[in-house]
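Annotated features in Swiss-Prot:
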type	residues	note
ACT_SITE	H366	active site, proton acceptor
BINDING	10-13, K24, Q75, 80-81, G141, E155, N172, N230, R336, K354, Y369, N380	UDP-N-acetyl-alpha-D-glucosamine binding site
BINDING	D106, N230	Mg(2+) binding site
BINDING	A383, N389, Y390, S408, A426, R443	acetyl-CoA binding site
REGION	1-232	region 'Pyrophosphorylase'
REGION	233-253	region 'Linker'
REGION	254-455	region 'N-acetyltransferase'
Amino acid sequence: MASTTGALILAAGKGTRMHSDKPKVLQTILGEPMLRFVMDALAPVFGDRVWTVVGHRADMIYAAFAGEDARFVVQEQQLGTGHALQMAWESLRAAGLDRVVVVNGDTPLLATETIDFFLKESAEADIAFMTLTLPDPGAYGRVVRHNGHVAAIVEAKDYDEALYGPEPSEINTGIYALRLDAVESLLPRLTNANRSGEYYITDLVGLAVAGRMNVLGIQCGEDPNLLGVNNPAELIRSEALLRTRLVIGHIEGGVLIHAPETVRISPRATIEPGAEIYGPCEIYGTSRIARGAVVHSHCWLRNAEVESGSEVKSFSHLEGATVGKGCSVGPFARLRPGAVLDEEARVGNFVEMKKARLHKGAKAGHLTYLGDADVGAGANIGAGTITCNYDGKNKHRTVIGAGAFIGSNTALVAPVTVGDGSLVGAGSVITKDVPEASLAIARGRQTNLPRKPKA
């Protein structure tokens, strides 16, 4: 793609029909904001030459894409799509663009291949836009043609058969290709003389036709992938289509997915050929499942890594965690951000880890909390062990040495260290460091007293 072509995403609207406090483009699909799907479709074609117009709750959009190389333009007042283009014009010109493709931020089904096709078909046009023919055009803008040639785009609420003739079934998808030199003279001529009182980008078409510019309406049949998402029902339908598309792609790539209709996978997740997934299961964010790893049913993963030969058993919850090779997790385990399992480590049922590391071969079989902890290779953590890491103000670390054995129902009050090869007796409350190769017992002596007989 020529370096003088860029893209503009319109994402400033409120999306009132979503009945949500957050902007429409941040509604989630497969754990990701809807806007991300549009950005991902454009990136292979335009690289970093993509701008997004934001307005309503722009702060939330900035936060959602913090740390990413996204370019934003602010539309302080949401006065329509034409006004949004005007707000972005200086940025587009400063980037040295000759052409710009304009898309709406609520089209998560948009495919890269569609954009490639559109650019080739519109190469000679001053203004081009994509159209669909629908049995029920609904609220979409109508495409008016005279003798097959585009005459105008008229918004549904403004359509007047006395002026334009019988209402057509061909609609505007909201995807445009604009030659900047041609459009620059038209932008100041946009008006808000319509029922919405907004400046429509669609009015550029009528102005261009009147100016005898080359205007093309490129027909794309009845492709539903080009339609926007306007309400919760449409969001759910789009998510279902995207879920199926992604799951099928992984299966065709060599991933074994059982009950695929119940599996949800983020577009940013990586699942290597030879991995095995059992549904229902949810894999979100930048999670990575390596070849030979198995994730069982009813698991939830976000930004987690599972290396080859590892098994995540049912009902486990992993977020921001790393599971090394040959590990076992669960069932019913929770690995929170910063949890790391080195090779052949094991975490069993009802074990929670946070900012904690189990080195090679270490294991915590059940009913344990390991927070802000480092557990040495081969250590064994007994049932009911708790690292008491919070003193009410600050978090503190617990270090358990290689080969150590922590007896059941032990409380390790951080900061504290248990040395290599040491044993802590069951039921202990450890508040002081335990030297290497030591036995530590910190509990009250058992007393047996005679029991009074019942009266």
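In case you wondered, yes, glycine gets a Cβ from its N, Cα and C as well.
The average pLDDT the prediction assigns to the region 'Pyrophosphorylase' (1-232) is 92.
Cβ atoms under 8 Å from those of the region 'Linker' (233-253) belong to residues 18, 27, 29-30, 34, 37, 108-109, 224-225, 227, 260, 263-265, 267, 271, 273 of the same chain, restricted to positions at least 6 beyond its ends. Of the recorded positions K24, R336, H366, R443, K24 has the largest number of other Cβ atoms within 10 Å of its own Cβ. Taking H, G and I as helix, E and B as strand and the rest as coil, DSSP gives the region 'Linker' (233-253) the counts 20 helix, 0 strand, 1 coil. The Cβ of S408 (acetyl-CoA binding site) has 18 neighbouring Cβ atoms from other residues within 10 Å, across all protein chains displayed. N172 (UDP-N-acetyl-alpha-D-glucosamine binding site) falls within a strand when secondary structure is assigned with DSSP.
Of all the binding-site residues given, namely L10, A12, A383, A426, the one with the smallest number of surrounding CB atoms inside 10 A is A426. Between the alpha carbons (Cα) of A426 (acetyl-CoA binding site) and G80 (UDP-N-acetyl-alpha-D-glucosamine binding site) lies a span of roughly 69 Å. For G80 (UDP-N-acetyl-alpha-D-glucosamine binding site), the number of other Cβ atoms no farther than 10 Å from its own Cβ, over all displayed protein chains, is 24.
The CA atom of N389 (acetyl-CoA binding site) is located 40 Å away from the CA atom of K24 (UDP-N-acetyl-alpha-D-glucosamine binding site).
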